[in-house]
Ligand SMILES: *Cc1c(COP(=O)(O)O)cnc(C)c1O
């Protein structure tokens, strides 16, 4: 069977085993004689799938009892608004750290809701690094501190997280959730669109500490954490197919040996490609400073625009998909989420070496 070497940034590669299981169960889920999309979202069969997804995530991430797991729609982008609508009261200020385009977008939406402040930023350095945790000065009664744990577009990632004391730490983990172990109890909210590490698009996971869920009737019901929490994320019709696929990806993650094992694989995968960059004598240049490098999105450039467009053309011809950098910054990017196998990373690294040799040889011939 043809299986493309898929380095898309999101929606992204899904585990083959998950797709095959979905295929096997496509016409008859849970022995119902129906496909999962035809089940009532109030049926026992669907409820089992729904609760299994939530339970698996709790197990995999070791989520403490005092947290609620919500399955919502609207993508991570809707959380940019829901977070301040639910957590930022009048008279308080929310702190934001800018580490890339997604944090900028989160801030932009929060500004429409209330008072905000930027407490650290790497914007002046083209978002090549993550600010040092010790340098971050919070407003002591900030409503929350918002960070983007992995910067999908720039290819940087937080290695350790700011200590925020009483201030809830809110993290957009869309592109690195479930890629490594984290201590959930250090966060007030963790949220993620599913389409990078968790499944298909159409579902957003929100892990929220229960004391941050408060009743507030002035917030529209669909944007209200309290309404979703009280209804086990079944207030209205959920995206049942996406939740089913999420449940399969989470079961796959458990079969891989859990997050610890997945993290080891991810380190090995990223090392293969970063080694190709670092061993290229500057032919490939990483965008991120080495201590801020992302293990999920590897961003790099080549010595000239000509070399870059040649590389992108040839890598595509060789059967690798998704290596163009984000349209806002250009360059190249390899997204290597949990479902991307090590062999694909090795093949990409080999291709990079061969391309470099061929390009150099051609240059030498011309001059
Ligand atoms: C992809 C991504 C988003 C946007 O997610 P949507 O589900 O499309 O709204 C937000 N933040 C980060 C870090 C992302 O990688």
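Any Cβ shown, glycine's included, is placed from N, Cα and C.
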## Note on the structure
From candidates 152, 156, 214, TrEMBL puts in the same pyridoxal 5'-phosphate site as 76, 77, 102, 172, 195, 236, 237 the residue 152
## Note on the structure
binding-site residues 77, 152, 172, 236 vs residue 196 (N6-(pyridoxal phosphate)lysine), shortest C-alpha separation belongs to 152
### Fewest other C-beta atoms within 10 angstroms, as judged across 42, 196, which are the recorded positions
42
### Message
For ligand 1, list the binding-site residues among 42, 76, 236, 237 whose CB atom is within a distance below 6 Å of it, in sequence order.
### Response
76
### Query
Compared by Cα position, which of the binding-site residues 77, 102, 237 is the closest one to residue 42 (L-glutamate binding site)?
237
### Query
When neighbour density is defined as the number of other C-beta atoms within 10 angstroms of a residue's C-beta, which of the binding-site residues 77, 152, 195, 237 has the lowest density?
237
### Task
Can you check which residues sit near residue 102 (pyridoxal 5'-phosphate binding site), meaning Cβ under 8 Å from its Cβ, same chain, 6 or more apart in sequence, and list them in order?
76, 148, 151, 152, 153, 172, 174
